[in-house]
Amino acid sequence: MSRNSYIQQSSDIQAAGGLVPMVIEQSARGERAYDIYSRLLKERVIFLVGPVEDYMANLVVAQLLFLEAENPDKDIHLYINSPGGSVTAGMSIYDTMQFIKPDVSTICIGQACSMGAFLLAAGAKGKRHCLPNSRVMIHQPLGGFQGQATDIEIHAQEILNIKARLNELLAYHTGQDLETIKRDTERDNFMSASRAAEYGLIDSVYDKRQLAS
């Protein structure tokens, strides 16, 4: 399988034996085999699955940019099932989502925690969704550093700066006031899909796909 087709399968799919389903597409030129993720990418579907880290973030960013180049006026659908992860990796995805022209619709399947929840909320307004049994969790950023006392102080201040910035952005995307966000992210704050909708992290809970008439 090609490097580009590895999308977000990483450790979860490797644990299942590394097997990725293949689909056969018929065309006038004959048959062509795709791994399932590459085939869904043709439908403008991207998967963000597993811990958010640099390699996975680069793949997501590359796919967002590719789909924008293909059609800058058609929505992109980002499916999220993530426990969170690196803030810097997550922010590279966030900034790209805001930068590109197409709306990015976000859909939580399973869980969207920490940076996963942040990216879920960062989707286009009116196009952020959860499936009914998904869970969402927000909290303050985690960090740890060893070294000289002065360096520890520098890193501690940087974590506080990151926390403040994430709170500001979360307040913007949810419509909550900043003080509410500060209070609610002080500890791990788990929400059901319906509670996430009430809070403003998403716009609706999907029970069934709405088919075009």
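Don't overthink the numbers, they just go from 1 along the chain as shown.
Backbone N, Cα and C define each Cβ position, glycine as well.
According to Swiss-Prot, the active site, nucleophile annotation covers S114, on the basis of sequence analysis. Under a cutoff of 8 A between CB atoms, and with a sequence separation of 6+ in the same chain, the neighbours of S114 (active site, nucleophile) are P83, G84, G85, M137, I138, H139.
Per Swiss-Prot, active site is recorded for H139, and the stated evidence type is sequence analysis.
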Cβ neighbour count within 10 Å of H139 (active site): 16
